[in-house]
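These notes concern the structure reproduced below.
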């Protein structure tokens, strides 16, 4: 049964009526047939997939209670469609009227982003490829139906935005538990050379792959899907580090005091699982470099160790302000009439207008020094409030995530001191293994040093490609690997210039005004000024190519409460500025 017949089978022939009568169901079989005839490829979950791999012949429709519909198939499954929630008639009309647009969008490799009718809450499409057993797909149907029926009464009354976010988080929970708990238990219960440890990698990749198979989530929950995907991917790298190449076991954890002799199994599993979630290794022998110290506001408190109440109050105040800031920034960005036009590479920079250069520079600097920092920091501080508030962690386990912006006067300092170090441990462990163990490069040597740096940024690029796929950006559109590998090139250029300057000048004896950097060395102010200009130029050259696909995805607001809509943009900006000053002078906020 194709969509046209589905609509024509109802008296009015109106797709909106068909939608209201049948409930939220739409079968794009006709579109799939058209794509097959044209010999095109459709992009599923951000990856081009030959249409020949899918079967789309529907044999019957089974009606479940509460308006849930599931389509089943004659033979071993290719795919099934299961949709639930609100599917508005205007979206239904748009889906039918835009069939040709849907087909053309497949040629561009991002059909799932242009077709807004299906999402985690408004409708879920789960595609099961040929080689997946029928039993597995039916179990997935059953679990999905049961879960939706259990929560339908509570969730259906929620606003659409909140419902999408809640459903995404509920869906992610078993994935996160499966990915983090299994390696933690393996470390505690197996020896370093156990065969089970080598089998774990298949399990971890399988869990991540299953997360990739969920539909692209539109609108409010798309970023949450990507964040969960990044966490699942990074556990693979950290597990590769702690389970295989630098293996830990229970005895070593006791010796390093990561776990205690009196800890029960649940507490031990939690402490080991933290090594896969909080990747900076705070207060462990593996603590990464570049972690800022706690702010002076907390260190000057009369209580030692840090007062839990003072920590929670300060974190809550900063989280509230970050929410206000991101809310206003997102609202203003939506009104921007001159977004980045397109990615530019090579000699194309010579043809960029002055106005577009201004846009690119301002966008890049605001992105790195304001918006992205705030977006990452708010998640970290929220997690710290939950962990410290329920007593799982101490305030000392949650030092600031970002360093001071005034230290970002070289690319090395930008990435190693100013920017968060959340992924430094698994990235460097992976790069060290590739450069020193697998390639056996001589150490120390320039070749080993810069190969190692290149691998660190390459792994970072791969991780961000995974995030792009979950955001609906195909691999061909993603510029993540190009952007992050360009940082390795920038570091090489920077090191070469610094080495040349050292040879022609007595730079270790600066004259005039100077400041002291994080390593205790005096740095002339003009060196910092030149360095800041260099960092800004390199970021402005490289960042827009990475941001353009993200900007084109046109994701909706992430915020459950939109402050500018409630009080007006001007009042929201005034509240944000006033709140920022209050946080700065009351809690000694640091930038």
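Every residue, even glycine, has its Cβ placed from backbone N, Cα and C.
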Stretch carrying transmembrane segment according to Swiss-Prot (options 144-164, 228-248, 249-269): 228-248
N-linked glycosylation site: annotated position in Swiss-Prot, out of 114, 336: 114
Residues flagged as transmembrane segment in Swiss-Prot, choosing from 481-501, 502-522, 565-585: 481-501
Stated Swiss-Prot location of transmembrane segment, expressed as one of 73-93, 199-219, 283-303: 199-219
Surrounding residues of the transmembrane segment (383-403) on its own chain - C-beta under 8 Å, 6+ positions past either end: 270, 278, 282-283, 290-295, 298, 305-308, 311-312, 315-316, 319, 373, 376-377, 417-420, 422, 518, 590
Beyond the flanks of the transmembrane segment (228-248) by 6 or more, those residues with Cβ under 8 Å of it: 168, 172, 175-176, 179-180, 183, 186-187, 192-193, 197-198, 200-201, 204-205, 207-208, 211-212, 272, 275-277, 279, 423, 425-427, 429-430, 433, 437, 459, 463, 466-467, 469-470
